[in-house]
Amino acid sequence: MKFYKYCASGNDFVITNADRKEDRSSLAKELCNRYEGIGADGFIVILPHEKYDFEWEFYNNDGSRAAMCGNGSRAAAHFAHHINKINPSMIFLTGAGVIKAKVNQDKVEVSLGKIKSVQNTFEKLGKTWQLCDTGVPHLVHFCQSLDEFDTMLCQKMRQKYNANVNFVKILDENHLKVRTYERGVEDETLACGTGMGACFYLAFLNKKVQNKVKITPKSGEEMGFAYKNEELFFEGKVKYCFEANYNFS
């Protein structure tokens, strides 16, 4: 199987064009294993589609399916344009719905569309939370310091609510910093596009930031987010790393 390794703002992915009906869940676990495989946060399978430019299947590195991955969608768009020669403005289908993307060399902008749902704030484990669905569910806690991030606490919240967990610090009305514990990876990751999107949207909804901001994840790679016409957009660099063939068991 030919595969391509991509990185996007701290998240890394293995991407391939579907050419057989293998057990993709088991394959995802094998490929994404950082000790015995290629190593990645997620596995993306690109499939043809009659109506859209393509369809994808996204797998977390534990083999579970995910409806959406923000940085994964940007990596998939970069791959579709530069490898599969699809037009730079594209529309593709995910488990969370239709995604629009624009590729400009190594920068990719993606629209996550309309926010799926937002719940009221609540108290749990000594902190205030809000749940926001940007294609996948995210718990968000606004904090005074990102040193408050606690992996054990995140594990408890993730298990109870079956959601990703984000801590966000507002630096000013145009800049946020975010740390994310990702469901499916079951650990803190260097970045999470849908998580940063949830943090931005809730901050904007609560009138704490403007409708266009910069967000810095743990990777340190700044990304741009904007909310316009009731859609959430974000943009950042995508890096093609390498391509190779893999003989899976």
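Positions of Cβ are set from backbone N, Cα and C atoms, glycine also.
The following features are taken from Swiss-Prot:
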type: ACT_SITE; residues: Cys69; note: active site, proton donor
type: ACT_SITE; residues: Cys192; note: active site, proton acceptor
type: BINDING; residues: Asn11, Asn60, Gly70, Asn71, Asn164, Glu182, Arg183, Gly193, Thr194; note: substrate binding site
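Residue pairs drawn from Asn11, Asn60, Gly70, Asn71, Asn164, Glu182, Arg183, Gly193, Thr194, the listed substrate binders, are separated by up to 15 Å at the Cα level. Remark: of the binding-site residues Asn164, Thr194, the most isolated position is Asn164 (fewest other Cβ atoms within 10 Å of its Cβ).
Counting only residues at least six positions away in the same chain, the Cβ atoms of Asn11, Gly42, Phe58, Val136, Gly193, Thr194 sit under 8 Å from the Cβ of Cys69 (active site, proton donor).
Residues Asn11, Asn60, Gly70, Asn71, Asn164, Glu182, Arg183, Gly193, Thr194 make up the record's substrate site, and a Cβ search at 8 Å around their centroid adds Asp41, Gly42, Ala66, Cys69, Gly72, Val136, Thr180, Val185, Thr189, Ala191, Cys192, Gly195 from the same chain.
Comparing the Cα of Cys192 (active site, proton acceptor) with the Cα of every entry in Gly70, Asn164, Arg183, these being the binding-site residues, the smallest distance points to Gly70. Note: Gly70 (substrate binding site) has non-local neighbours Val110, Leu112, Thr134, Gly135, Cys192, Gly193, Thr194, Gly195, Met196, Gly197, Phe234, i.e. same-chain residues 6+ apart with C-beta under 8 A of its own C-beta.
Proximity of Arg183 (substrate binding site) to non-local residues of its own chain (separation of 6 or more, Cβ distance below 8 Å) is seen for Asn60, Ala66, Val136, Arg158, Asn162, Ala163, Asn164, given in sequence order.
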